[in-house]
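A.B. asks: If you look up TrEMBL, you'll see 1-25 marked as region 'Disordered'. Here TrEMBL flags 33-56, 76-96, 101-120, 126-144 as transmembrane segment. As annotated by TrEMBL, domain 'DUF7144' applies to 33-146.
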Amino acid sequence: MSERTHHWTAATGTGPPSPPEPAVARSRRRSGWIWFAGSITVMAGLFTAVEGLVALFDRNFYLLGPSGLLVFDLGAWGWIHLIVGALAVLAGSALFTGAPWARIITVVLAGFNALGQLVFLSAYPIWGIVVIALDVLVIWAVLVHGDEVAYEIW
């Protein structure tokens, strides 16, 4: 048989190269960032909601400087933190499903939470800095690795 008429078979071990493997295996390893982002979003949302409850029910817990808080009083910030925290828990939970809308909502809420913590910094500075750092990490993980979840087999 000439080279032109030879039929490639898998049995001979020779043949055209096989197509590349789908990106599923790589995506499973990297989609761990999305699971991490979802977990952090749920935990940060719970902590933010608790922070809001504390601001509502124990007004002496937070130390305020002579200038106080920006724009709102402590009660208003309590409600803001409670609502944003509850929404973050829901968005982080939805992030586990791989839904594209959950990624968008998570990024928006993490950004909003980071801004809220920045304004609330005078009342609880160390915790605010920690939450801002976690929110930035969540935003990075979702924006950089969010599309990899589309290849994941749920």
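Cβ atoms here come from the backbone N, Cα and C positions, even for glycine.
Just so you know, TrEMBL annotations never went through curation; they're auto-generated.
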A.B. asks: Out of 76-96, 101-120, 126-144, which stretch has the largest tally of CB pairs under 8 angstroms to the transmembrane segment (33-56)?
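C.D. replies: The listed stretch sharing the most Cβ pairs with the transmembrane segment (33-56) is 76-96.
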A.B. asks: Please work out the helix, strand and coil residue numbers for the domain 'DUF7144' (33-146) from the DSSP assignment.
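C.D. replies: When I sort the residues of the domain 'DUF7144' (33-146) into the three classes, I find 92 helix, 0 strand, 22 coil.
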